[in-house]
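Positions annotated as signal peptide by TrEMBL: 1-27. Taken from TrEMBL, the feature transmembrane segment covers 37-57. Look at TrEMBL and you will find 252-298 tagged as domain 'PAS'. Annotation comment: TrEMBL describes 324-377 as domain 'PAC'. Sequence annotations record features per position, and here TrEMBL assigns domain 'Histidine kinase' to 809-1034. Residues or ranges marked as domain 'Response regulatory' by TrEMBL: 1073-1188. Residues annotated as 4-aspartylphosphate in TrEMBL: ASP1122.
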Amino acid sequence: MPTKLANAKQLIFFSICFLLFSSPAWAEPHAAFIFVENALISLVFAILGLAAGIFFFREKRHEIEDSPHSSRYLAAIERISQGFTLFLRPDQEATPKQAVEWLLRETAKTIDASQVSFWVFENNQTALKVKYFFDARSNKLQINMRMSKDRHPGIFGTLRGERTISFSDARNDMRCLDLMESMPEGTQPKSILIATVGVGKQAHGTLQVNTRRRLRKWNDSDKQFASSIADLIAFYLSTHDLQITKKALQGTEKRFRDLVDASSDWYWETDEEHRFSYFSEQFTSQTGLPQQKLLGKTRNIFAEDAAMSAKWVNHWDDLQNHRPFRDFQYSTEVNGRDLCVTINGKPYFDENGAFRGYRGTGTDITETKTYKTRFEEGINALPNGFLMWDADDRLVMWNKTILEMFPVIAPYANRSFTYLELIKICERENAVKYPKPLTDAFCSVIVAQHKSCTSSEIELSNGKHLLVHEHATSEGGIVGIYTDITNIKAREKELIQNKLYSEVLTKCSNVLFHARNESFILSEICRIITETPPFDIAWISLFNSPGQLPEFLKINMQRGLDISLVDHRPSSTLKQAFIKQEFMEMNETLLQQAFPDFKDSFIQSEIKCAGIFPIWIDTKIAGFLNVATKERSKFKQRHINLLREISNDVGYGLSSLRSEHSRLIAEEALRESEGRYRSLVDMSPDAILVLDENNKIVFSNPEGHALFVTKNRVEILNRPFLDFIVEDKPIFAHAPDFKSEDPTEYLNSIKLRKTDQTIFEADITSRPVSYAGLTTRLLIIRDVTERNRVNEHLAQTSKLATLGEMAAGITHELSQPLNIMRFAAEGSLLKMSKNKITEEEIQKQFDLISMQSGRMADIIDHMRVFSRKDTGSVETFDPTLVISQSVDMVEAQFLAEGIQLEVRYPAHYGMLKGRPIQLEQVILNLINNARDAINQRHQNLGDDEIAEKIISVLMIYDQADHEINIAVTDNGGGIPEEALAKLFDPFFTTKEVGKGTGLGLSVSYGIIAAMGGIIRARNIHKGARFDINLPCFTPQEKDEQQVENASPLEIAQTYDEDNTPDEDLEFDVDGASVLVVDDEIYAAEAMMEYLYSHGLQVNIASNGEEALELYDLDPVDVVVTDMRMPKMDGYVLIKNLKERNPDIPIIVVTGHTGMEDISQEDLNRLAFSILKKPVSLSELSSQVEKAAQSIGKDKISTFGD
């Protein structure tokens, strides 16, 4: 044991000597600082050696039997300490990771552990995280592994009580239970030894030793060794931080020296007696004074006669009391020039706290002060106010003008207040009129406006107005320029008043122009006056006879304040005004004398001033216009002039109105002409009806009786007009109202019913009229049945002509799927002939053929819908779908001709209301016309003149007007100017003979007009543009017609979305019988074979007559029939079958659902379902099952999965 203690002493001595004398810092100027630093490090190392001695002392005291372990640990500590000194050298470039991992590796070898790791504290020592680790088997430890007080309370609780803790059986120790659960399976240690790295709150973390192969009973030697290694890690981390701090201090010192050499200021020092002891080189170069002249002298030499001034007295007081000072300025004369400097100083003391003198800097501010003086003189000469604020929004500069504008801030100017404080000073001193109380929120608004550097106006309490322009400076401050605009505001106010009075006179003139009675004139004139400031009440008293003052004056009209004015005797003041026949102004006292009956009311209403203005009619006074106000004690001249003009206008208006009495004779003549107007109504070719407020017919002209086929003149009178509307719902948007902006309603193509139940279409014009003293509705009804039929025929003719022009494109679209189907069929047949085709290939080819047939069906179906006569009802639809379908029909053909179609839609738009097929027809007409124009121009000019062929279809949504604009433009050369006026006339065309019908644009014009829109044409650069404007459908409108007229039976869709037929269905049938009728024998046989293969009894017929014969011989459960067949078509067959058996379900399979000669409603009523060709056999089977089940045939197939 003495040997062990001796070794510990040697370790301590070696550590101290190495750290003190191995550093190269002794050769540097600041060796004392380095010596102190190394001494501290040596002290820590000594503590480490002492810990080692204590460790071995404990080994001796407890007489531990494992002395070989103790010897091994002692030798290891000596070896590790000597090896670790390499990491402690200042010139060592090893990282903390390399140093600590070296210690961990040495510890693992010495203590015979499989894994040693270093964990660092986080979050105020409430968590531990793995920082460095060593694993003897090179296993990777989770680097992000963590322990915390919350999740591992056992570990942290034990660490609080002991510096070194051990767990011999960690997997079964309750304190380690949370730690074991957080570690991955297979990495959990059997024994754990943990030592704290550092002491108390300065601890860096923990050293953790793990064994995995066997349980380890940790003895005191193990714990002491781990604790020693933990102390060594703590010592290294503290030393490493100290070395980093040392390097930072050295860098700071160098930067300070460089800063002194490069500074434009000079540095100085004084001793205890405030005598100069040092100047830097910049002093002489900047001031021209040699350093030797001032060394040993005090700053009093610069004071001279001003030594007793308050500035110098305060400065010397700071020096005597050893207080630091800043920006002390003084001036002196050097070589015939004035030198102005500013100095800053700070006292310094020795290690015992004794005062040693001052150190500081000095700056030559002569030029700066000169420029500042000139600048101040310049801004003081400005006629505008000037304020400057620094980056902290504090006042730093102002001129004399601003103090003249704001004299209240003069006492505060030297306090460097903020803009917010200025606001509060102005509010406290009542210098500024703020628009509302100066709350904190309002102050924040004003400050924010100030910082945004905008222009604003402020009103001072003395009545002046200032315009403020604020601008940001480069240093983050603000400069404010204040301009007096009081005179400008006064002129502006005067202009506003003149404009207001001009508008008042205009309003009065309009009243007089539209007046129909005296009460209207008097009421409106008084209202206009009281709505004009500063007038509060106006009333008019008219004489019974112009030129004669009556015994009692009436209050013919009164507006403004709610004061009860009644008829009264004219006072002497009023009589005087009548005699003088001129304007009279009255103050509060004179007003009460002029109107003694209203004295109390005037006092209560605080009326201060009034004026009496004579009203002249034909050079005689016919009354008084009286105006009063409570805002001022006297009218201004512009008020008097205005009211004089108004009183003269009133007299003129009354004179004109009374002249209207001379028109009584004309009214009598009007009554005599009433008979003539009745004759016009009776002879009108249109029906004219009058409806009362309940929409009952109260009048009808002869044509109305004839239109509704009445037997006598009273048959339709007193009957609701709704009885004659086919749709049995109101058609008028609102009740008749004369005050409506647009009282006239136009209703187009309304279906009406005559008394003999005949239905016809009519255009109705509705307008409110006065009939028998009541507000009623006048209807003008015109029968347009024949006109609509002709228009529909023209539209259908135009559509068919469009289809004819598109025939080439449609042929191309149909030939593509036909070509694919033929390739698939012939390729399959070829492989079948060579026995080289598989079932999978057959299935693939059949799917391809089925898909292409669906593609053809979509093309044919759209052409069928487009080509048939449009008898559909009005509906709400998406305009983009119509445009897309129109373009899709012709795009392929146009591309083949080298024409590019450009289509653009808005992101948001409204829906339209109308017939989508008709809008599609219009768009097709326009783009086909554009194609013809482009091709014609291309043919005339050649390829060189027109490089591109472009047709653009642009849809725009006008949200303000809630309407859609569809623009079709081309570069086909445009439309001749002489043709633009006649472009939409029937049978007018600009195309060559034989290439146009002249109906397309005429029909398009009618379609767009029927939808409530407008279509226009104009020329643009190198082409033409057609604009279609349509109003969007509003959600408030009812769209019941669409629902009511929709087909009750939906045509079954026989294909999925990907145009592939459904998979075969498995049937479990029990002999239901089906009759298939189709003139296409291959189609009939295909349906028969498919249904027969699923257990159905199937028979076929090629036409309606044969089908009836077979049905009469052997009735069936279900009939599947085509529509167009020889001898007897499907429609006649269905009617005959329904006569024989009304309950028989009939499934229609047809490729022509838009037949004109068959009523679609009748077909929907008679058929069980309608399948559109090409038909999916699986869908056909499904419909057959449903049909059989509808008559109780439960034996029909059950579908499998």
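A Cβ is built for glycine as well, from the same backbone N, Cα and C atoms used for every other residue.
The domain 'Response regulatory' (1073-1188) shares the most Cβ pairs under 8 Å with 809-1034, out of the stretches 252-298, 324-377, 809-1034.
In terms of DSSP secondary structure, the domain 'Response regulatory' (1073-1188) contains 52 helix, 23 strand, 41 coil.
Confidence for the domain 'Histidine kinase' (809-1034), expressed as mean pLDDT, is 79.
Helix, strand and coil residue tallies for the domain 'PAC' (324-377), in that order: 12 helix, 33 strand, 9 coil [DSSP].
Residue counts for the domain 'PAS' (252-298) under DSSP (helix as H, G, I; strand as E, B; rest coil) come to 21 helix, 9 strand, 17 coil.
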